[in-house]
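Structure incoming, see below.
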Amino acid sequence: MGANGVFASSAKHEGKESRIKRMPYAKPPFTLGKIKKAIPPHCFERSLLRSFSYVGYDLCISFLLCYIAITYFHLLPSPLAYIAWPIYWILQGCILTGVWVIAHECGHHAFSDYQWVDDTVGLILHSALFVPYFSWKYSHRRHHSNTGSLERDEVFVPKPKSRVAWYSKYLNNPPGRALSLAVTLLLGWPLYLAFNVSGRPYDRFACHYDPHGPIYSDRERLQIYISDLGIFAATFVLYNIAVSQGLAFLICIYGVPLLIVNGFLVTITYLQHTHPSLPHYDSSEWEWLRGALVTMDRDYGILNKVFHNITDTHVTHHLFSTMPHYHATEATKAIKPILGEFYQFDDTPIYKALWRETKECLYVDPDDGAPEKGVFWYRNQF
């Protein structure tokens, strides 16, 4: 299965047929207003009580998992303990990824009707997960404003072949791909925050922790300092836990689940914006609606619910980012008939999709001889 549920033959490139039907890249025959009219009005309503119920639910499960691990795991015989801890890490990592998604909603003003509530909740939750809340809120907002643009998009910006690193062709093999995936899933998120790895190129060093970096405007700098204070506060709390309980305790209870959260985050966002059927545009072709549609809904099974459906309703999220997650599934069903082939969904198992996209989506180039020189597609041949 593939984009829109089928693999299909489409455009040829260098004599080879693509296995995946490409998304239409012409100007859509509908407007954002028409899409919005198809969605029931209540889908745009934010409920403070309902939003907090999801926060409370996730945190209760997280604290329960912590309590079980701290209270009972040391009583288990060693063979069972070696099984219990990985189970805890995976479950806790999944739940905390859901917490991460709610904090992300706060950054979009999708949590409540009150901006100060959204920013307070988002700052607390994201800082607890070592994310600089306002810093990422602003760069992520620019991603939503420029999705699919090769010049202005903020993250997972594919490179044309001429700008691909010299060593990439030596990693274009199974061991190289496995190594690249391991590094990306383990370190990709902190490297992006600290060094803008895989982000939009700037004329000087860009860092999400630098209030005076090129990512931010003068009116945003104070809030970047507040984000940094949130990270310092979280570091102080974790330091005291390590001092009182030991570093091994902190790593087992918090450190390993956080790595899993980071891995899920990179996987989710990478697969949302990377697929052989998705085009990218330069400034000659890019328009906001065309770019906003350049994203792929995926099926994570039961984790769709755990991750608050950010995985299988991401197209809707890019079109209406202030819509709360608990209405996004209904809205997605409503807009599918309007979008037609512009709606992209791939139900390939995630582990297979991750390997395939790592193999197939190495750089972008326009089709040879195509009249639209500003439309770029993924390639995998050096």
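Including glycine, each Cβ sits where the backbone N, Cα and C put it.
Please treat TrEMBL annotations as automatic predictions, because they have not gone through curation.
Copying in the features that TrEMBL gives for the protein in this structure:
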| type | residues | note |
| --- | --- | --- |
| DOMAIN | 21-65 | domain 'Fatty acid desaturase N-terminal' |
| TRANSMEM | 54-76 | transmembrane segment |
| TRANSMEM | 82-104 | transmembrane segment |
| DOMAIN | 84-343 | domain 'Fatty acid desaturase' |
| TRANSMEM | 178-195 | transmembrane segment |
| TRANSMEM | 222-241 | transmembrane segment |
| TRANSMEM | 247-271 | transmembrane segment |
For the domain 'Fatty acid desaturase N-terminal' (21-65), give the DSSP counts of helix residues, strand residues and coil residues.
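Going through the domain 'Fatty acid desaturase N-terminal' (21-65) residue by residue, I get 28 helix, 0 strand, 17 coil.
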Give me the mean pLDDT over the domain 'Fatty acid desaturase N-terminal' (21-65), rounded to a whole number.
97
